[in-house]
């Protein structure tokens, strides 16, 4: 165990996602201390050795070591990447039974250390497991965050930017709802340079509208395509987790589409779901309730109902 000298991030689960996330943290100089925790201690130790050998090339060398749950006591942020992976043909919701029990053990072990920081959940189905983390930890809802639709939104902006030949950073568009098959695009509020995307395609005809629909389908189904080709997705989500981590540790008050607890916004209660939220050192400062059109409202409530149906099997509502 190291002596705290700055921001500490504990990464639980050093598989593809956890190791890629730790690598992103180191390369971007986001954290001062990174502790790697895994049931396979040799894997965590090997990763720590590998990262330390590259420390001389990092913009801000962090202390990196393999540890155990006691190291979470002084952590500012615990990021859970552990759990069963999604296999070809499986949906994210198929993973619930496998991962609920794993999460109970992880979260209870973290809390037993005296941990008083924030949780960030990456494991799928992320909305369900973020809710489970909140329940198992007993922490205030704003201190438990899921990666939500941050990657879906990034995919959406990339594909729209590619279609319109503009930088994705200049595309303002959100994917909200479940990080999964019932997610939805907020076309009514999507714009490029202040010009609504719907207006941009008006003059392009029916084929342009069909292309937008194809873009969303490619966003929604991206994980299936990547899993089929290479077995797992990890680089994109690792970079998304690093972005959320920076917003937290640097107290940015950044708006990101994370899995946040709703207790009224969007007409929903008692569910974690992907929505834009203001993120800072204290966790979720507030949920941003963007205006949805009637069709988007219908699809958002359908997405929330899907998640609640799963939650009802495990938690008393």
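Glycine is no exception: its Cβ is also placed from the backbone N, Cα and C atoms.
Record features (Swiss-Prot):
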type	residues	note
ACT_SITE	179	active site, proton acceptor
BINDING	17, 38, 43, 69, 83, 84, 105, 122, 123, 124, 147	NAD(+) binding site
BINDING	86, 92, 124, 125, 126, 127, 152, 153, 154, 155, 233	substrate binding site
BINDING	157, 172	beta-D-fructose 1,6-bisphosphate binding site
MOD_RES	224	phosphotyrosine
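DSSP classifies residue 172 (beta-D-fructose 1,6-bisphosphate binding site) as strand under the three-state reduction.
Per Cα geometry, 124 is the residue among the recorded positions 124, 154, 172, 179, 233 nearest to residue 105 (NAD(+) binding site).
Cβ-based crowding with a 10 Å cutoff singles out 124 as the top-ranked of the binding-site residues 105, 124. Under the three-state DSSP scheme, residue 83 (NAD(+) binding site) falls in the coil class. Binding of NAD(+) is attributed in the record to 17, 38, 43, 69, 83, 84, 105, 122, 123, 124, 147, and the widest Cα separation among these residues amounts to 24 Å.
Cβ packing within 10 Å was compared across the binding-site residues 17, 126, 154, and the lowest neighbour count falls to 154. When Cβ atoms from all protein chains are considered, those within 10 Å of residue 152 (substrate binding site) total 29, not counting its own. The Cα atom of residue 224 (phosphotyrosine) lies nearest to that of 86, taking the binding-site residues 83, 86, 123, 172 as the candidates.
Restricting the binding-site residues 17, 43, 83, 157, 172 to those with a CA within 10 Å of the CA of residue 124 (substrate binding site) leaves 83, listed by sequence position. Among the recorded positions 17, 83, 172, 179, the residue whose Cα lies closest in space to that of residue 126 (substrate binding site) is 179. Taking Cα separation as the measure, residue 233 (substrate binding site) is nearest to 123 of the recorded positions 43, 83, 123, 179. For residue 157 (beta-D-fructose 1,6-bisphosphate binding site), applying a Cβ distance below 8 Å and a minimum sequence separation of six or more within one chain yields 168, 169, 171, 173.
Only 179, of the recorded positions 86, 172, 179, have a C-alpha within 10 angstroms of the C-alpha of residue 147 (NAD(+) binding site). For the recorded positions 152, 154, 179, a Cα to Cα distance of within 10 angstroms from residue 43 (NAD(+) binding site) holds for none.
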